[in-house]
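Participant: First the structure, which I've put down as structure tokens, then a few questions once you've had a look.
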């Protein structure tokens, strides 16, 4: 009698395991086992490989962007020898600071929310790759060593350089909004400066305060933590990408992957889902609505197109210029852009 019940329960358990994975990824000769770093809150979603760790059914950033690709996208060491110690080298430079492991570790925390692993159109893997390229394009344009040392001066080298700066070159500005000192919400800590730090630099005490609340790391009192930990520096960047700057606007993530649906007012303001509007979300009037010759905007676009090719996605998939740029867009909430 007991045997009769064992068989149905065994079959039911097997079926439940199967539905954790998309059928197009499942291989019957493999039995699913727990995977790490999967884009799911249930770690059972994976394919067992003959050797090594299983593959996530819904992918992972580490699968979409492997180490060699990241090096070619983000490291100066792929393009040229590291600088020798020099009195001319800015103190904000640290070529060795940025590394693949730190990026993947940070990305894994936001994979359950869809970062770099969102699928649409029947499971198109390129969308996840494109999102990672998009974020890294913003990062690359902000922290690149795009100045070549040359006899004590620096020559601009667009796009060809990788990740380098981990903090603002000018650390003399405090970026303390003193209005917050009269409240209990994100007052400036004594002697602390809130200049730009991290892979996608954040500024101002209120942004450090929001990051403190969401990441559970005391960056309001200790913003220097970002300068000392590459994983945290990447994590803050991904947090900024995934989190709306204000309650009344979308996140860069939602704008990029198409979760955000423009309203009638957005359409009138020429704001549409796509890469261009991520610049509007992150930088507002500092970059957008300034015409087609705006240097910062074009620099970010150049990085994005180059990174798409490096990551294995044809840059033609980026779409037409009107989706890539924010040339004619009315800025989102121009007074609260996160950069100085």
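Using the three backbone atoms N, Cα and C, a Cβ is placed for every residue, glycine included.
Copying in the features that TrEMBL gives for the protein in this structure:
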SIGNAL    1-21  signal peptide
DOMAIN    88-316  domain 'Glycoside hydrolase family 19 catalytic'
DISULFID  176-188  disulfide bond
DISULFID  288-326  disulfide bond
Participant: Which residues does residue 326 (disulfide bond) neighbour through Cβ under 8 Å, counting only same-chain ones at least six apart?
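Facilitator: Listed in sequence order: 271, 276, 277, 279, 280, 287, 288, 289, 297.
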Participant: Among the disulfide-bonded residues 176, 188, 288, which residue has its Cβ surrounded by the fewest other Cβ atoms within 10 Å?
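Facilitator: Among the disulfide-bonded residues 176, 188, 288, the sparsest Cβ neighbourhood within 10 Å belongs to 176.
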Participant: Helix, strand or coil at residue 326 (disulfide bond), per DSSP?
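Facilitator: Reduced to three states, the DSSP call for residue 326 (disulfide bond) is coil.
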